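According to Swiss-Prot, the protein carries these features:
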DOMAIN    33-303  domain 'Deacetylase sirtuin-type'
BINDING   TYR98, ARG101  substrate binding site
ACT_SITE  HIS154  active site, proton acceptor
BINDING   CYS162, CYS165, CYS203, CYS208  Zn(2+) binding site
Amino acid sequence: MIVRQLWCSRGSTSHLCAAVRLNWRSPKMTRPSSDLTAFREHFAKAKHIAIITGAGVSAESGVPTFRGPGGFWRKWQAQDLATPEAFSRDPSLVWEFYHYRREVMRSKMPNPAHLAIAECEARLGQQGRSVVIITQNIDELHHRAGSKHVYEIHGSLFKTRCMSCGEVKANHKSPICPALDGKGAPDPNTKEARIPVELLPRCERKSCNGLLRPHVVWFGETLDSDILTAVERELEKCDLCLVVGTSSIVYPAAMFAPQVASRGVPVAEFNMECTPATQRFKYHFEGPCGSTLPPALERHESEAV
């Protein structure tokens, strides 16, 4: 078992979860290699590749992370708004925040890392090999790059869930409702819109009209059990794992790759810096993912043209 051991307690499994440092006592390990040629030999032989991606991938497309210094929207940190309690207390304010994030994403494009992953997935698929993307990001940039086999473990900015009937539905409207048009500016001096709840996004199912919420994982919420089951299955069968642009300090995704490594599967980390999990991996490639990942995933000389 991989994922089920990592089922986190209530309050620690959000896509905006505060950084939780891994507290294992790592045994003495060999320093990870940065030998791209050696990695490429593993890549050429792999039949089932799992690629775990985090905020670092999207950051290279200019997507705000709302983490660390300056990670504010108006005067609030993301964790102030990304909770069921905040939505219950002030759905207008929370929807302004998510409307802003949705609109920002319309100007962002997949970067070379997204495109390299999508091209690799398509190419290896034609060879009877598989690539699966397990992403902590909620921006759908992997989909826009052309990736097909994507698990969005923290949900999507472009899906909604009805608070009444529970329907989950893709929603790419801009604005998502008329009352939010022009709202959501991030400037701290911006006046709150205070939109009446009946004018916020509503369910379109006949006879429902329930209040919609963003279909993302908030503080105090657990991840979707069906998605975790599928992720567990993918991680158990993979014979090569890449960890791309993730800090490895947020649960449960922080433990995915280390547990894959614990069964002897090569794991390669692509990140701007070392992480608490780096010493557990066979490879570490430091630098922008958009620069380090494409040459790692390009066609190998052993592949048929």
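Yeah, the Cβs are placed from backbone N, Cα and C, and that goes for glycine too.
Among the recorded positions listed here, namely TYR98, ARG101, HIS154, TYR98 has its C-alpha nearest to that of CYS208 (Zn(2+) binding site).
The binding-site residues listed here are CYS162, CYS208; among them, CYS162 has the most other Cβ atoms within 10 Å of its own Cβ. ARG101 (substrate binding site) sits 15 Å from HIS154 (active site, proton acceptor), taking the C-alpha atoms as the reference points. For HIS154 (active site, proton acceptor), other Cβ atoms within 10 Å of its Cβ number 23.
A separation of roughly 15 Å, to the nearest angstrom, links the Cα atoms of CYS162 (Zn(2+) binding site) and TYR98 (substrate binding site). Taking the Cα atom of each, the residue listed as 'active site, proton acceptor' and TYR98 (substrate binding site) are about 14 angstrom apart. For CYS203 (Zn(2+) binding site), applying a Cβ distance below 8 Å and a minimum sequence separation of six or more within one chain yields CYS162, SER164, CYS165, GLU167, ASN209, GLY210, LEU211, LEU212. CYS162 (Zn(2+) binding site) falls within a strand segment according to DSSP. What surrounds the Zn(2+) site, by Cβ distance within 8 Å of the Cβ centroid and not counting CYS162, CYS165, CYS203, CYS208, is the set MET163, SER164, GLY166, GLU167, GLU204, ARG205, ASN209, GLY210, LEU212 from the same chain.
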